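Have a look at the structure below before the remarks.
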């Protein structure tokens, strides 16, 4: 027996829950209410493709697992891809569109990866369910599954997003976090997306996996006339700083990368927060989380209890994946994720 519950959190949001038991419905409702109050124009549902494409989520999950098994950096790439999509124009796969002047062409996005996984999933879905599953949903599901593949929490997310038709490089820089951001700058940006201070601390935990290019944190060092680097950011652990300077000496290739988390680089866990307490946050935007009294207690809580982090991650991830979604008669269902119909 299926239990159907419709939640009307406001005039702007309707979420339909379909689940096998009353207890399961109760769990899903508790999770969904974590973002139901945010001012989103959304009409999403759990198991949106149950009738139109029953294997949609399985196909995406299998693609993510297969790609990650041969390339352990894939989960981090898929997670970063989601952030860069949702923070610009909302979660509408606008970051996937190719062409001059698109988001994807902006220098801030040229280091993004994971596109091949999204494209592969879309090709298979177009075979079994033509013009049915949106690229925006594939991006969200792939990021969710990437976390699971890396050892993080598994949970359901609502689907039903549609793909956007607008992708403008001019919208990128003002809508994504720069690694040199101050706390005030990050709070302002997250608030503009309907995300709280707690969401900021939680979603920063995405840096527990993935890699970064050397120039993303080069502002924490200075170079003398002989080309030698020295630490100028006193918030960074000296030993860790020396390791970074060794891995990223002056004159390093623009393609040179280091792991975001030096301890458990490919595992989605709470080690990121342990690193922060040890002053080993790779970016300035990481370090400020433990230095600011508004966020330091939450960092410590996550560092001490991984399950607390995982629970918060579920709630914040749901909010992230519903930023500015297009549904119903908005947008389109692309036949190819790289080009509008």
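Here, residue 1 is simply the first one shown, and the rest follow in order.
Backbone N, Cα and C atoms are what each Cβ position is placed from, and that goes for glycine too.
For reference, TrEMBL has these:
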- 84: active site, proton acceptor (ACT_SITE)
- 85, 88, 90, 92, 94, 103: Ca(2+) 1 binding site (BINDING)
- 207: heme b binding site (BINDING)
- 208, 261, 264, 269: Ca(2+) 2 binding site (BINDING)
- 53-129: disulfide bond (DISULFID)
- 86-91: disulfide bond (DISULFID)
- 135-337: disulfide bond (DISULFID)
- 214-248: disulfide bond (DISULFID)
- 43-341: domain 'Plant heme peroxidase family profile' (DOMAIN)
- 80: site 'Transition state stabilizer' (SITE)
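Confidence annotation: the domain 'Plant heme peroxidase family profile' (43-341) carries a mean pLDDT of 96 in the model.
The record gives 85, 88, 90, 92, 94, 103 for Ca(2+) 1. Within 8 Å of the mean position of their Cβ atoms, the other Cβ atoms in that chain belong to 84, 86, 87, 89, 91, 93, 95, 164, 167, 324.
Residue pair residue 261 (Ca(2+) 2 binding site) / residue 337 (disulfide bond) shows a Cα separation of 31 Å.
Cβ proximity to the Ca(2+) 2 site centre (mean Cβ of 208, 261, 264, 269, cutoff 8 Å) flags the following additional same-chain residues: 209, 263, 265, 266, 267, 268, 270, 271, 272, 275.
Comparing Cα positions, residue 86 (disulfide bond) lies closest to 92 out of the recorded positions 92, 129, 264. Of the recorded residues, the residue listed as 'active site, proton acceptor' and residue 129 (disulfide bond) place their C-alpha atoms 27 Å from one another. For the pair formed by residue 92 (Ca(2+) 1 binding site) and residue 53 (disulfide bond), distance between Cα atoms is given as 19 Å, rounded to the nearest Å. Just so you know, the Cβ of residue 103 (Ca(2+) 1 binding site) picks up 27 other Cβ atoms within 10 Å once every protein chain is counted. Put simply, of the recorded positions 90, 103, 129, 135, 214, the one whose Cα is nearest the Cα of residue 208 (Ca(2+) 2 binding site) is 214. Summary: among the disulfide-bonded residues (91, 129, 214), the fewest other C-beta atoms within 10 A of the C-beta are counted at 129.
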